[in-house]
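Over in TrEMBL, the protein carries these features:
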DOMAIN    25-265  domain 'Xylose isomerase-like TIM barrel'
ACT_SITE  Glu150  active site, proton donor/acceptor
ACT_SITE  Glu249  active site, proton donor/acceptor
Amino acid sequence: MAPLRFSANLSWLFPELPGLPARLRAAGSSGFEAVEVAWPYAEPPEALARAAREAGLRLVLINTPPGDQEKGEMGLGAVPGRQAAFREGLEQAVRYAKALGCPRIHLMAGRVPQGADRIAVKAEMEIVFLENLRHAAGVLAEENLVGLLEPINTRITDPQYFLDTPQQAAAILQKVGRPNLQLQMDIFHWQIMDGNLTGNIQEFLPIVGHVQVAQVPGRGEPSSPGELNFPYLFQLLEDEGYKGFVGCEYQPRGDTVEGLSWLRSYWDRRGHPKVASEGLHTTHMPPDSE
């Protein structure tokens, strides 16, 4: 079984460093071969692409723009009346993905409008989402890109988010029926909403295009105290034949590099080529506490 491939989420990791170029350099020197970033749009795509190349990294995931965050928007895919803005944001995301060589775009569903009842607007929002996803699938197919749907938990993180369970997301993907639209599995959100991770991973992994990890409930490193047994979950992903990237989307409890001891331990056990051949960070990273 092939070892898992990990990507550094630069919207979360290395918060002590200002700007994406500095975080790209830090990720590369920490042993990562890939990175992801929620919204890269504050930086020119050509500059980011150059910084990634210099750091020996590839971009594997970006998000569509969130919309007007001052008005509480967090994605537009399922938001009634914002179809034109969603499509404009999709065009921007595709431009960045092409410039960055990034193959996947998270198509953010967005929130139930303020003051609206979730149950009352669910059918309308699903219709909007289906229309936007069909449009997005066509646009992405022309550029050989994949669109991802990510359920975000509504119990802790975002009570107003429209898409909140893997079952809901899978049903929508089935209705759209486009092979270049897949599921994004953030284990943090899945555990909070439904648990049953073994069953859900085995059921939905065939349509998963990207995985993200963080401990529950604190959203820290996988090695931090919490509910989840990540050695078991990583082995399960390997056993089930997962070939995509596992995004490190968590809040470091301290220095990011020191907190990567869990990942260095995994790489040492599984023979990560960069660690094995170059001995990366043997002097900068603490020994595994386990």
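Residue 1 is the first one shown; counting continues down the chain.
In case you wondered, yes, glycine gets a Cβ from its N, Cα and C as well.
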Rounded mean pLDDT for the residues that make up the domain 'Xylose isomerase-like TIM barrel' (25-265): 97
Taking only the CA atoms, the spacing between Glu150 (active site, proton donor/acceptor) and Glu249 (active site, proton donor/acceptor), expressed in whole angstrom, is 13
For Glu249 (active site, proton donor/acceptor), the nonlocal same-chain Cβ neighbours (under 8 Å, six or more residues apart) come out as Asn9, Ser11, Trp12, Glu36, Asp186, Phe188, Gln212, Val213, Ala214
Measure the Cβ-based neighbour count of Glu150 (active site, proton donor/acceptor), defined as the other Cβ atoms within 10 Å of its Cβ. 22
